[in-house]
Amino acid sequence: MSEPSPLPPLREVIKKHGLTANKALGQNFLLDTQLLSRIAAVPGELQGSQVFEVGPGPGGLTQALLQAGAKVTAVERDERCLPALADLADHFPGKLKVINEDALKINLPELFEGPFHIASNLPYNVGSALLIKWLSSPTWPPAWQSLTLMFQREVADRIVAEAGSSAYGRLSILAQWRCDAKLAMSVHRSAFTPPPKVMSAIVHLTPKAQPEGVDPEMLAKLTQTAFSQRRKMLRQSLKGLPGGLDALKAAGIDGARRPETVSVDEFVTLARSLSA
Ligand code: SAM
């Protein structure tokens with residue numbers, strides 16, 4: 001059998017298929033194959049693994065994931081990208097499935113048999129909503145094994161922030177109460193075509209054991225209430241939450257503290273008390 005012809009450089013793929021970046025779809029493409037291979041290495045060994053990718057676009061990260069040995073299911077909203085992705089699928093027979101859909105509408109557990117990783121250079125406009133959706137899995141551990149996600153640097157900082165830092169908030173707690181969350185690499189804005197206004201970073205999240213006795217919805221409500229008034233003391237903001245002040249007392253947390261000083265473990269203790 002003859003070898004398939006080599007894949008064209010991504011710049012040519014973009015030109016051939018007229019993939020001018022659509023701002024509304026958060027299209028900032030990555031074309032540097034070395035950088036893409038480094039991103040595809042973040043989840044660890046992918047040989048024989050399944051990967052879910054949001055927004056493959058012209059297929060740079062998709063190709064790096066396939067080259068790392070993964071079987072990829074990708075969901076892309078922009079149908080202009082489909083012919084380019086079909087070329088890629090021809091190159092990796094049986095290894096790439098593309099779904100033309102809005103990623104927010106995808107019910108992941110239905111899509112995969114067995115474990116899978118999630119990897120994406122996320123569109124900025126839906127990145128946080130998707131992360132929160134994946135973190136809110138009603139079953140834990142979730143169906144996914146890891147998340148490797150590109151965010152604006154400022155959002156990435158919020159995901160991994162520790163209590164006491166200015167970036168610490170709701171997203172930090174929702175990410176860290178049942179995941180290990182790490183900053184895997186910073187990505188300069190010039191790595192993208194077109195370059196976005198801000199810097200980016202890849203975060204890597206892996207599920208850990210979920211603390212017992214905590215209703216995830218209660219934790220979401222508690223953090224929402226506490227951080228909606230970030231500068232207020234806890235006893236002020238939690239007044240509106242039934243049982244809020246009692247939970248503070250039971251947890252031995254000084255009501256004069258501000259939410260950004262309260263650790264993830266302390267929020268978990270509060271949520272457990274409110275869930276009881
Ligand atoms: N993966 C490519 C790369 O790294 O060069 C493209 C990344 S670009 C930042 C984001 C991609 O997500 C675009 O291809 C865009 O069309 C797609 N996209 C935007 N909103 C989407 C949504 N709701 N569902 C699925 N794909 C979406």
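Cβ from N, Cα, C; glycine included.
Annotation note: N121 (S-adenosyl-L-methionine binding site) sits in a strand segment as assigned by DSSP. Annotation comment: TrEMBL describes N28, L30, G55, E76, D102, N121 as S-adenosyl-L-methionine binding site.
Annotation comment: TrEMBL describes 35-209 as domain 'Ribosomal RNA adenine methylase transferase N-terminal'. For the domain 'Ribosomal RNA adenine methylase transferase N-terminal' (35-209), the model's pLDDT averages out at 97.
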For the binding-site residues E76, D102, the one whose C-beta sees the most other C-beta atoms within 10 angstroms: E76
Site extent for S-adenosyl-L-methionine (largest Cα pair distance over N28, L30, G55, E76, D102, N121, Å): 21
